[in-house]
Amino acid sequence: MASFKLPELQPDNDLWGPASGSNALPAELKDIPFAPYAKNDKVGRIADWNNASGASNDAANARGGRQGRARDVQQNFGTSAASSAFAYFHGDDEASFSVVDNTRTVASRRGGLGQMSQRGGRGGRGGAGGAGAAGGRGASKFGAGAGRGARGGRGGAAGARRGGGRFGWKEWDKPQRIREASVTVGQDWEQVEEIDFVRLGKLRLEVEEPQDISSYGSLFEYDRSYDRVTVKTAQSLSSIDRIRYNTTTSEDPVIHDISAKEDAQIYMTDSILALLMCATRSVYSWDVIITKTADGKVFFDKRDGGAFDYLTVNENAADPPSEASEGKENEAAAKANAINTPSALSLEATYINQNFAFQVVNEKNVYKLEHENPFYSSDETAPLASCAYRYRKFNLSSEESDPVELVVRTEVDAYTVGASKEKQLITIKSLNEFDARAQGAGGALDWRLKLDSQRGAVVATEMKNNSFKLARFAVQSLLAGADSMKLGYISRANPKDTSRHMILGTSWLKPRELAAQMAVNLSNGWGIVRTVADLARKAEQGKYVLLKDPNKQTIRMYRVPANFGEENDEIVEEDEADE
């Protein structure tokens with residue numbers, strides 16, 4: 001019967017485990033070379049007798065193929081260059097064997113990556129657009145010459161680089177597009193709180209219907225003739241000289257009067273409130289100024305020229321519009337793509353949205369609310385646009401012992417007469433198409449071909465590419481108590497000309513149904529607002545900035561100097577005085 005005998009071990013009185021002295025290894029194993037390794041290394045062989053420095057396989061790498069790719073993969077692992085000597089490489093066992101295919105193949109007209117690269121090589125349209133603004137602080141006025149753009153040339157080089165440059169299997173660790181913050185964080189800013197979107201998405205708060213406090217302004221009736229506009233009967237978008245005010249919260253005289261009479265602690269506008277409620281959908285950076293007074297009241301304000309004064313375009317697209325590249329070698333491409341940058345598209349979308357609301361109303365029929373427009377003065381020469389301000393109070397209290405009330409200034413754009421002959425308040429918004437083949441289009445369909453026949457597909461694509469903007473439209477309409485929302489589809493008359501636009505169609509939407517279609521959770525939005533309000537209520541008296549990180553799904557709250565924002569106002573006033 002076979003017997004089992006334990007092997008002899010070297011005695012070691014100092015350590016537990018295998019011996020580590022000079023006599024630990026047998027004599028026949030003492031001269032074997034050794035290279036360091038880690039447990040996560042992909043070990044393919046015991047030792048490399050010819051090239052222990054890891055500089056082997058140059059010829060294999062030069063040949064390319066699967067072996068060269070495997071060699072690049074192993075560079076992501078290991079503790080040092082020496083460990084690459086033991087990396088595993090798949091050998092081509094069938095290298096000496098080949099089969100000749102003598103069957104005839106039919107050339108396909110549809111190319112693969114090469115055709116995609118050529119398609120991407122089409123040059124972007126050039127030009128630059130601008131818009132004119134006038135009026136007092138917080139006023140927005142688009143005149144007859146607003147949004148006029150200079151025509152530019154074509155830039156094929158940038159399109160070729162854009163179409164050919166694709167992220168591959170080896171570029172997973174390359175840095176993605178870096179965006180700039182909406183405001184530069186100062187060295188004297190003190191971070192108070194940081195909350196990521198994952199935590200914000202778990203918040204919930206049920207809020208009851210609001211209480212109306214007062215209403216101001218006057219509304220024009222919506223012109224029903226625009227319901228019959230189609231792609232074949234498209235109408236030109238006119239540039240109409242009207243004034244519409246977008247005053248920030250702390251400069252609103254009505255809110256000052258309400259804060260002196262009411263016990264509410266929080267004050268803001270509907271644009272700020274809708275942004276906070278839909279914050280988890282945002283991609284670009286934005287900022288909100290928070291001011292806490294000595295009596296404990298909190299005002300949420302916007303910066304002049306900030307994110308609240310302009311609309312974004314394709315913010316949520318998988319490949320959103322990109323800024324023009326810097327450098328002399330990209331100068332031609334930057335000039336060609338200047339009209340399709342995020343900033344240029346944002347200015348164009350704001351111009352379109354304003355003028356569409358001005359154009360689709362009948363100024364002969366006027367509906368006046370309780371009070372006159374609180375921002376209009378006799379010094380203004382241009383007529384007022386159709387706009388009404390409704391001041392409403394929401395109860396955000398979760399406990400009776402801790403009452404939290406929010407006063408919001410909401411806006412409606414026009415009115416219409418329903419079947420019951422009652423006046424119904426509506427909001428008027430627009431979506432714009434710039435170039436279906438340009439970078440940043442987000443796979444949008446050609447509206448002139450598909451809008452009439454496949455409007456559902458067009459709207460679904462816009463919901464995907466502009467999820468944040470459409471969610472804000474729906475929430476703002478709900479906050480204002482609007483019965484319906486009129487949505488216009490507007491496209492450039494020529495993809496390379498930003499000065500002329502065409503109204504291709506319109507549609508009626510119910511704000512609550514639109515919010516449900518886009519999975520907008522209002523209780524989650526109110527939970528976000530209550531969380532931010534609690535942070536401001538618990539903070540000390542002073543000024544704060546709530547900033548969305550430009551490259552992360554995070555918001556941060558900073559304590560800033562008391563004169564923050566006033567420096568920019570002084571610069572604007574000096575420029576107006578010089579003019």
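From the backbone N, Cα and C atoms, a Cβ is placed for every residue, glycine too.
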Task: Per Swiss-Prot, the range holding region 'Disordered', considering 1-20, 201-220, 401-420, 541-560 - done: 1-20
Task: Which listed span Swiss-Prot calls region 'Disordered', if the choices are 51-72, 491-512 - done: 51-72
Open item on the list: Can you identify, from 307-321, 337-351, 352-366, 517-531, the stretch that Swiss-Prot calls region 'RNA gate'?
Closed with: 307-321
